[in-house]
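**Q** Straight out of TrEMBL:
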- A:1-21: compositional bias 'Low complexity' (COMPBIAS)
- A:1-41: region 'Disordered' (REGION)
- A:22-41: compositional bias 'Basic and acidic residues' (COMPBIAS)
- A:ARG161, A:181-184, A:249-251, A:GLN255, A:303-306, A:ARG483, A:494-495: substrate binding site (BINDING)
- A:GLU177, A:LYS342, A:396-405, A:TYR407, A:432-435, A:GLU458, A:LYS485, A:GLU491: ATP binding site (BINDING)
- A:GLU177, A:ASN179, A:GLU400: Mg(2+) binding site (BINDING)
- A:239-339: domain 'Glutathione synthase substrate-binding' (DOMAIN)
2 protein chains.
Amino acid sequence: MMNNPSSSLSPSLALKCLKSPDPQETHKGNSPKHESAAGRSVPEEVLPKLVEEALVWSSLHGLVVGDGNNKRSGAVPGVGLVHAPFALLPVPFPTSQWRQACELAPIFNELVDRVSLDGKFLQDSLSRTKNVDAFTSRLLDIHAMMLADNKKEEIRLGLHRSDYMLDAETNLLLQIELNTISCSFPGLSCLVSELHRSLLNHYGKHLGLDSKKVPGNTTVSRVAHALAKAWNEYNNSSAVVMFIVSNEERNMYDQHWLSAELMERHGVNTLRKTLAEINEEGKLLPDGTLCVDGHTVAVVYFRSGYSPNDYPSESEWKARILMEQSSSIKCPCISYHLVGTKKIQQELAKPNVLERFLENKDDIAKVRKCFAGLWSLEDPASVGDAMERPEYFVLKPQREGGGNNIYGDDIRETLTRLTTEGGEGLSAYILMQRIFPTSYLSYLVREGICHHDYAVSELGIYGAYLRNKDKVIMNDQCGYLMRTKFSSSNEGGVAAGFAVLDSIYLT
Amino acid sequence: MMNNPSSSLSPSLALKCLKSPDPQETHKGNSPKHESAAGRSVPEEVLPKLVEEALVWSSLHGLVVGDGNNKRSGAVPGVGLVHAPFALLPVPFPTSQWRQACELAPIFNELVDRVSLDGKFLQDSLSRTKNVDAFTSRLLDIHAMMLADNKKEEIRLGLHRSDYMLDAETNLLLQIELNTISCSFPGLSCLVSELHRSLLNHYGKHLGLDSKKVPGNTTVSRVAHALAKAWNEYNNSSAVVMFIVSNEERNMYDQHWLSAELMERHGVNTLRKTLAEINEEGKLLPDGTLCVDGHTVAVVYFRSGYSPNDYPSESEWKARILMEQSSSIKCPCISYHLVGTKKIQQELAKPNVLERFLENKDDIAKVRKCFAGLWSLEDPASVGDAMERPEYFVLKPQREGGGNNIYGDDIRETLTRLTTEGGEGLSAYILMQRIFPTSYLSYLVREGICHHDYAVSELGIYGAYLRNKDKVIMNDQCGYLMRTKFSSSNEGGVAAGFAVLDSIYLT
């Protein structure tokens, strides 16, 4: 596997192993891409019916978000609703890579847990990032505080999502990132699979597609199951699962699907609170019990709190610390959160690091196989390679939230500036192999309008992990999220820009 | 029953039998009303949670309409959605009157069918209305044309809704009107019952209410079943059910629920067309088959076409005639449509008229028991009584669509004007006993905001009737619609103004 040993090599060496795409044929300005003839074309007379049926289906089945054009839509449920943006048809995906991604989920679940227990590894690996990234620095402070207090999390709940792209040249499944906090779309991703199955049940014959090839997606029920199991471990039937939310949340219905499932299937009550509210209303009882607004909190589930923007004042940090000090089950606890940083992703890709945390050689090989090339900029050779051939790299800042990645000529500019400035600025970034996924001709529907162009997709696999001090209670793959965006706005990932929800068509 | 013989008497005689409400105590300007202490009060700390949960539930479960503030919401599905206005809690309703209303449905179904077969009765009863109401006149012309052509509708499908109010003084169930065309809310009415059951499952203990006392509502599946049965009688597996719709329809999701049920449960395709489109695209084959846009139409289901506004040009009337001439099953056919006019309602309330159409004496008694006082203005005594005590009457124009009824001093003005003008103007109206239902303290939620005040409710019972030339295939009660509006805007019915969807709590 050319990309496995590469993580420890200078990028130039690693890239020589990649079959280089012909720039004349496949590069388009700063966005090299592969276009495939495998895209779908829906007959003109069928298309409007298909779009209308999909829009109706979304409205009737709660595949909705708040409409940015409506000021109240992020705060008041039931008003300013619009269908969630979606792809009209599922995206082709090879069965073997699909299975590979699913099999990786429990291994990554275990890896996160193991790494989280090595406080020194986390602190050491992130020590330079700490100096240049204020947000990571605050997280590390909390982590250090818990280490100093010898605070143990005996019940640990992880709800992760590992995001992948398929490299078009090699057909390799390569990891983009591993999310350990606030993984969105467990609710809506399921609905898109159902939407696509329903459309193919009605129009599959016209399109030569079979609805059975869209894998069923049960993320919402399995994630709710994991939250309920954790709630059960806490062992207080009057306690609640507390969702940490933003004041304004246009993606609230995705969260509400999870709350509804918790209530209807498991009889578990949900409390929705912002970090600021928790600071106002929360208190710790002497035994460590967290009470918020009169409710005992069994599980803290973060759907906010992953980005510096979520902490506009000290109040939010106080709330975070209060929760971390409590006996509530945190999803995630501070160390799980840190394991999801890009710097740790890069550290884990170094030779012999995975071996410190996993014993099973097959598991190690499987994980390593999905690592793209990842390099620290502390090595001047990496900087040189990236300056020379920036089109083969992505410069990723530690900063969370997506849309901050740097490509093409901007890589040169950024690296020149950081090198000139001296200091530790380079530590705020990691360098990653740029992945060129296959583009498919796609129909993306947003605000009731269908757009038709080449698009690329990113597959996220949800994982759920729960253990107490005695044993692992749950370690599962939970379902998937497919996101698609037009290649013209391709910046190597789909988190930024006009991305839509999609599903998989197994090939 | 004081209101039964009354229909043939002068209103003054009939009203003497009613226990007169004390004007000082119960009249409020032009809107006399009874207020009851039986209204509900939700504890202040529970109310916001209840409202939020209801708004979320509506968004996730398709209890939605197009938002009038969004220009595209009546034309494009999936955009500009807002929760349908709803009452937070079901309205108390006595079990015996509920049963009475349900039992009436098949009798009214049969009555409509019988009356529809008596072409001369329809033409004669409406002959004076014809001179003063252009819309009814056009309908009568089509009806006469079909009579002249000896056109027979061997398969007849009726989807009716009989609307009632409970008179507060007497607790009598009194019919407001019988709708034989375009009965709305078969989809959304079911969802409101489910919403209320779900809320009571979670909050019933706090509120002292039991979710089992909200009758289940299966209107959408039973109406779809009736449409599918009719489609089956037509006996052409490639034919469709055509919904006649408006260009702009903010209540489209109610209709889409029915289409979805037809497709998912019965595999029956729906076509949505405006009257103008049918005029453009429709044609009759020599055997009477109606083809629209390449589809054979098994069943024409009107969700538009009931009001003069639906026929802005001759094109729409041509479409109506084309359909009437075809062998498609019309829901309703022209004679069913005419049976639903207010004039026929008043004619049926005359002594010995029901006996012409129904044989079973029990059935006749049951129907008569629910008739409010109904009088023709051709009798000068009726005009005099209405002028003298207008607060006890409603003046109803033949014109359809709701919100056109005349109350209080406006009755005096209108009758004075019509009498002065001479001619047949009075024939455009019927005079009806005004019903004063009990007001309950209610929580009505619209555009995400909860309003709290006294409100009155109207119960609609859906009925489905299907027969072919040999036998009755279906004659059922199909579910119910409860609508509630604030008493302050009470104009004797809930069709006009800010009405919300509601359900029943059996007492």
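Every residue gets a Cβ built from N, Cα and C, even glycine.
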**Q** Measure from the CA atom of A:ARG250 (substrate binding site) to the CA atom of A:GLU177 (ATP binding site) and give the result in Å, rounded to a whole number.
**A** 24
**Q** For A:TYR306 (substrate binding site), list the number of other Cβ atoms lying within 10 Å of its Cβ atom.
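**A** Excluding its own Cβ, the number within 10 Å is 21.
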**Q** Nearest of the binding-site residues to A:LYS485 (ATP binding site) by CA-CA distance, picking from A:ARG161, A:SER182, A:TYR306?
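**A** Nearest by Cα distance to A:LYS485 (ATP binding site): A:ARG161.
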**Q** If you count other C-beta atoms within 10 angstroms, which of the binding-site residues A:ARG161, A:ARG250, A:ARG434, A:LYS485 is the most crowded?
**A** A:ARG161
**Q** Expressed to the nearest Å, what is the distance separating A:SER184 (substrate binding site) and A:PRO397 (ATP binding site) at their Cα atoms?
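**A** Roughly 21 Å, rounded to the nearest whole number.
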**Q** When the number of other CB atoms within 10 A of each residue's CB is tallied over all shown chains, which of the binding-site residues A:SER304, A:PRO397 has the maximum?
**A** A:SER304
**Q** Provide the number of Cβ atoms within 10 Å of the Cβ of A:SER184 (substrate binding site), excluding the reference atom itself.
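**A** For A:SER184 (substrate binding site), the 10 Å Cβ neighbour count is 16.
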**Q** Quick check: in three-state DSSP terms, what is A:GLN255 (substrate binding site)?
**A** helix
**Q** Measure from the Cβ of A:ASN179 (Mg(2+) binding site) and count the other Cβ atoms within 10 Å, all protein chains considered.
**A** 20
**Q** Distance check, please: Cα of A:SER304 (substrate binding site) against Cα of A:ASN179 (Mg(2+) binding site), rounded to an integer number of angstrom.
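**A** Rounded to the nearest whole number, the Cα-Cα distance is 13 Å.
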**Q** On average, what pLDDT score does this prediction assign to the domain 'Glutathione synthase substrate-binding' (A:239-339)?
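**A** A mean pLDDT of 97 is what the model gives the domain 'Glutathione synthase substrate-binding' (A:239-339).
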